[in-house]
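Okay, so here's the structure we're looking at.
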């Protein structure tokens, strides 16, 4: 079965063709196309950008997969959570396409997509496993009981993990996106500053206090060695993640931990998680970066499984800016 | 009117009290650097408006809607550059709704804000935050002041 995946929940307009939920035939993300098509940067956030990009991105995905519209058998589209104006580009587009091609469509939760990024990288992977989604907009710890069946164990109570990286980068005068800049700067420094590792209670996360701690430090030490600040921040942020993962592994007894979302590309995080995996004896699974960051292949993979289990979505499926992730079980 | 808070908890408390004075349709614009306490104050306002769930930073999604005793729109223009981009994400339709709009980094869309906007400036000072509120009706200011 050929599935067309469509993702417009935030900044990226993305489309992909995936065969049988596992084999990626093409995966196009708008940021790769912007320059070629428009010779400049479009305001990346505007829903209008999605409107401009969606047709060229979908057609590029079909072209790269070597198929045309008539061969698509299922459309999978992100319908929650995200920027409402952005979701309201992809979802109606998918519905219209579904209607005109007379093929089914299925709505997918964006975070569920991140979980299926694992399956794209490791087709043999079988739940249960512990899912960790770390991105600019999401920080989630999930018990993946079965494909399409999840239990939220913890989430951020304030800032998302990737957001903390971006905002601290800003405090340090580094360009956006900040994650990679912090990682690079941290390599030149030593983690000599003792920033607090937050405890939000249970398996929840908190990154807002760490941001404030860095702010205070920079105010009190205007001449601080920036690489040391970056390295110290990174240690505190990553330590919070490894601590929660350790707690969750101990509580659930999981032998497999799958980490996805843009922050999973951070090498220091990967290294620390691997050390933890070796110590506790679990298998650490992290997909390649292009599956970790927002993409539509993961949406197609998730949509395929949803469709297999519970059929197509109704045409009145709404978009939700925000949705309790556990709620998607009843979808 | 100026307040000084020493802890995040007291900033939240101030927000809860401010919430009691807000009417449906109110627009509250917050100004202040990263880490100055905008989201913390909003946590309090949302709680005071009857929002039960945790208020998370909306920087990534830009607009988060909560169900309180009125709809609460937590809007964060941090990643936007100007009023035109704010308009493109539909800011005006939230501003003219019957809910309460709480807007972080409001300076990015100053020209779209209604005349009756309540403006709050937050600043990090030694040992806490200075929080300056303007645009509340004088009798409400008086009420807020009594909370001290």
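From the backbone N, Cα and C atoms, a Cβ is placed for every residue, glycine too.
Cross-referencing A:146, A:166, A:194, A:278 against the substrate binding annotation in TrEMBL, which names A:133, A:134, A:135, A:136, A:137, A:179, A:183, A:266, picks out A:166. Binding of Fe cation is attributed by TrEMBL to A:110, A:114, and within the candidate set A:228, A:294 the record adds A:294 to that site. It is 11 Å from the Cα atom of residue A:137 (substrate binding site) to that of residue A:294 (Fe cation binding site). For the recorded site, residue A:133 (substrate binding site), the DSSP three-state label reads strand. Recorded residues residue A:133 (substrate binding site) and residue A:114 (Fe cation binding site) have their alpha carbons 7 Å apart, per Cα-Cα distance.
Distance noted between the C-alpha atoms of residue A:110 (Fe cation binding site) and residue A:135 (substrate binding site) is 12 Å. Straight-line distance linking the Cα atoms of residue A:266 (substrate binding site) and residue A:294 (Fe cation binding site), rounded to a whole number, equals 15 Å.
Each of the binding-site residues A:137, A:179 was scored by the number of other CB atoms within 10 A of its CB, and the lowest score belongs to A:179. Geometry remark: residue A:294 (Fe cation binding site) versus residue A:135 (substrate binding site), CA distance 9 Å. Most Cβ neighbours within 10 Å among the binding-site residues A:110, A:114: this distinction goes to A:114.
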